[in-house]
Amino acid sequence: MLTSKGQGFLHGGLCLWLCVFTPFFKGCVGCATEERLFHKLFSHYNQFIRPVENVSDPVTVHFEVAITQLANVDEVNQIMETNLWLRHIWNDYKLRWDPMEYDGIETLRIPADKIWKPDIVLYNNAVGDFQVEGKTKALLKYNGMITWTPPAIFKSSCPMDITFFPFDHQNCSLKFGSWTYDKAEIDLLIIGSKVDMNDFWENSEWEIIDASGYKHDIKYNCCEEIYTDITYSFYIRRLPMFYTINLIIPCLFISFLTVLVFYLPSDCGEKVTLCISVLLSLTVFLLVITETIPSTSLVVPLVGEYLLFTMIFVTLSIVVTVFVLNIHYRTPTTHTMPRWVKTVFLKLLPQVLLMRWPLDKTRGTGSDAVPRGLARRPAKGKLASHGEPRHLKECFHCHKSNELATSKRRLSHHPLQWVVENSEHSPEVEDVINSVQFIAENMKSHNETKEVEDDWKYVAMVVDRVFLWVFIIVCVFGTAGLFLQPLLGNTGKS
């Protein structure tokens with residue numbers, strides 16, 4: 001006989017033993033029930049037979065695509081790489097059970113290779129397997145509904161138009177359908193009208209504007225049957241910030257540096273140097289960004305057109321600069337200025353361009369600067385032969401000192417012509433007068449030459465100013481015209 005103390009100890013130990021091991025037994029019972037259910041479902045199951053009670057009935061498959069990542073868009077090879085989840089839902093009448101008979105089990109996770117699956121493939125796959133691998137498990141409910149959502153990475157073919165690169169939009173499609181079953185055997189139904197993007201990771205280069213799905217029934221030339229497919233169209237837009245900062249803005253700066261060439265004075269001697277420096281910088285820049293631009297010969301990208309436009313722009317600036325410098329350094333001994341050049345470039349265009357001479361020039365100042373008496377002075381040896389008064393000779397020997405004083409006063413109060421005509425004509429004076437006349441004639445010739453050279457320089461300045469405005473207009477409107485094309489093109493498509 002056990003004492004009351006011993007009975008209490010035995011009762012407590014039994015309760016503890018039951019509390020510890022009862023969940024284990026329940027788990028074992030549950031595992032046994034699930035194993036019994038699995039054996040019951042798949043003991044006579046054939047995974048190669050369509051799950052229909054009547055052979056003429058189609059299997060209705062509900063299909064949906066969920067995108068998690070837009071991995072890459074290869075413009076050169078025209079491939080779009082995406083990470084997708086493909087949701088398949090269909091009913092298999094051979095996989096039904098009563099939950100009451102199996103301890104309330106309502107769902108099973110079963111390997112996908114144990115059940116019949118629709119052979120849904122990506123029609124426009126470019127690289128890799130066309131069909132999804134069945135390594136994931138499917139969710140089976142007691143009423144026979146199967147939900148299978150395998151992940152897949154697809155590299156699909158996508159015809160791309162990079163005309164407006166880097167402001168381009170692309171329309172890439174994913175076409176899913178059964179490869180062997182026609183519409184009479186598998187009827188595909190789309191879940192929703194758009195791609196599920198709840199778990200989508202944003203891409204740093206592309207933005208998905210729209211991703212709509214459509215169902216198509218197509219009859220191919222190879223077969224008489226009608227095949228059903230579901231096509232998802234991804235309308236994507238390139239994010240142009242990277243290319244704008246690293247490609248377009250530097251080109252804009254180079255273009256406007258080219259415009260400054262025409263504002264640089266020709267006398268500084270650095271116009272051609274600046275043009276060549278800009279051209280070299282553009283060439284080096286093109287070599288650096290060659291790998292960034294899609295290499296294709298089908299179309300010329302917008303940024304390629306702009307780079308070509310900038311290259312032509314800089315080259316023309318060099319040609320025009322050489323032409324302007326040629327005009328700037330012309331002289332009367334090498335070129336004669338035509339009358340139409342004087343009319344157009346010295347009168348008309350300066351008024352149109354709001355240009356004027358820095359100082360008002362009086363034409364003919366060079367000739368007026370030469371004393372008329374010296375210009376009409378007789379040749380040496382003939383100064384006293386005609387028209388010289390006789391009493392002047394006699395008075396010259398008698399009153400030499402008085403005449404010198406009088407000559408000084410006359411030099412200060414009378415024109416030079418009067419002084420020459422009424423002064424002494426000794427050989428020394430004649431030499432001085434001839435030297436002054438030679439200097440005056442040289443000054444006149446120099447002034448006339450300087451005046452013509454100034455006219456040529458002013459013509460070069462006018463030509464520079466004309467091309468300054470022409471290049472500014474071409475640069476602004478050319479740049480705006482190129483980069484407004486994507487906006488106008490997208491507006492026209494919409």
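Note that Cβ sites are derived from N, Cα and C of the backbone, with glycine treated the same way.
For reference, Swiss-Prot has these:
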SIGNAL    1-25  signal peptide
TOPO_DOM  26-239  topological domain 'Extracellular'
CARBOHYD  Asn54  N-linked glycosylation site
DISULFID  Cys158-Cys172  disulfide bond
CARBOHYD  Asn171  N-linked glycosylation site
DISULFID  Cys222-Cys223  disulfide bond
TRANSMEM  240-264  transmembrane segment
TRANSMEM  272-290  transmembrane segment
TRANSMEM  306-327  transmembrane segment
TOPO_DOM  328-465  topological domain 'Cytoplasmic'
MOD_RES   Ser401  phosphoserine
TRANSMEM  466-484  transmembrane segment
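Distances between the Cα of Asn54 (N-linked glycosylation site) and those of the recorded positions Asn171, Cys172, Cys222, Cys223 are shortest for Cys223. The Cβ of Cys158 (disulfide bond) lies under 8 Å from the Cβ of Val73, Gln78, Ile79, Met80, Asn124, Gln170, Cys172, Ser173, each of these being in the same chain and 6 or more residues away along the sequence. Listed as Cβ neighbours of the transmembrane segment (272-290) (distance under 8 Å, sequence separation of 6 or more from its ends, same chain) are residues 246-247, 250-251, 254, 257-258, 260-261, 264, 307, 310-311, 314-315, 317-318, 321-322, 325.
Away from its own ends, the transmembrane segment (240-264) comes close to residues 165-167, 205, 270-271, 274-275, 278, 281-282, 285, 289, 292, 303, 306-307, 310, 313-314, 317, 320-321, 324, 464-465, 467-468, 471-472, 475, 479, 483 of its chain (Cβ-Cβ under 8 Å, at least six residues beyond either end). Cα of Cys223 (disulfide bond) to Cα of Asn171 (N-linked glycosylation site): a distance of 29 Å. Cβ neighbour counts within 10 Å, taken over all protein chains shown, single out Cys172 as the most crowded of the disulfide-bonded residues Cys172, Cys222, Cys223.
Taking a C-beta cut-off of under 8 Å and a sequence gap of six or more, Asn171 (N-linked glycosylation site) has these contacts in its own chain: Ser233, Phe234, Tyr235, Ile236.
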